[in-house]
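Lifted from TrEMBL, the feature list:
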TRANSMEM  12-31  transmembrane segment
DOMAIN    24-297  domain 'Sugar phosphate transporter'
TRANSMEM  43-66  transmembrane segment
TRANSMEM  78-96  transmembrane segment
TRANSMEM  102-121  transmembrane segment
TRANSMEM  156-174  transmembrane segment
TRANSMEM  186-207  transmembrane segment
TRANSMEM  219-238  transmembrane segment
TRANSMEM  250-273  transmembrane segment
TRANSMEM  279-299  transmembrane segment
């Protein structure tokens with residue numbers, strides 16, 4: 001296969017992966033907004049447990065069909081991943097409860113700098129000036145169009161810090177595990193989804209009771225509410241899978257930066273379906289800045305030196321001896 005056709009095929013697959021993630025993520029946000037805001041189902045942690053239970057069923061079907069091959073993931077690695085992932089889910093919900101919406105949005109934006117720090121520290125990634133500037137402009141643009149009132153208290157600040165770091169560690173860990181153990185997206189989901197489903201379905205009702213003072217088992221499950229729950233679970237399968245695909249093919253930082261396109265789409269669809277009273281000049285300006293910055297980031301990070309992993313090769317004793325022998329043979333030939 002020619003180099004040009006390989007590059008075109010990779011670009012098409014990359015675009016498809018991003019589109020898959022954007023469509024499923026925006027879809028599940030809109031469904032959950034209708035479920036929670038319109039129908040009063042506020043049990044977010046338990047709902048996430050149902051999402052992973054549905055994803056587990058999908059992975060079992062894929063294993064039965066032969067699309068997921070047996071793979072290995074050490075138990076300590078699985079436990080660490082599930083801990084970070086579940087702490088991220090609970091932390092984000094608590095942060096939203098204890099903080100204003102504006103500070104919650106600022107905390108979410110802080111995930112990108114933390115991920116950059118983790119990539120520099122653990123993966124030895126180096127960013128070009130244009131890549132850094134484009135990331136900063138994305139943060140500014142999204143902040144302008146999402147951050148309104150900002151108020152914070154000590155317990156809300158602690159919750160936000162825990163949520164940001166656990167989310168960053170979980171997303172960085174996805175890329176790390178796929179690379180270290182040669183796991184595909186389906187393979188990693190096959191290991192993590194059952195553990196997350198079991199833990200969240202056990203702990204979720206108690207966390208939701210603490211957050212909402214309501215019991216999930218006493219909620220009035222109408223036909224419409226049940227339909228939205230099932231629809232949310234079905235879409236969540238695609239969301240979970242596409243997240244692993246995108247982070248595996250790219251990095252967690254790229255996933256977060258370009259993932260803010262979902263924020264812009266959710267705002268746009270929200271104005272279209274739920275009213276246009278929040279659409280004003282500074283929101284439109286922020287959305288425009290963010291989109292321009294995402295295009296800039298995609299262009300800057302794809303250039304040589306835009307974002308690259310530094311590799312340090314330490315000469316071994318064998319290579320040093322080989323170098324000495326090569327030098328000696330060259331001298332012999334000259335003699």
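Note that Cβ sites are derived from N, Cα and C of the backbone, with glycine treated the same way.
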Among the ranges 43-66, 186-207, 219-238, 250-273, 279-299, the one whose Cβ pairs under 8 Å to the transmembrane segment (78-96) are most numerous: 186-207
Tertiary contacts of the transmembrane segment (12-31), as residues 6+ beyond its ends and Cβ separation under 8 Å: 228, 231-232, 235-236, 238-239, 242-243, 245-246, 249-250, 258-259, 261-262, 265-266, 269, 273
Recorded stretch, among 43-66, 186-207, 250-273, maximising Cβ pairs under 8 Å relative to the transmembrane segment (219-238): 43-66
Integer mean pLDDT for the domain 'Sugar phosphate transporter' (24-297): 88
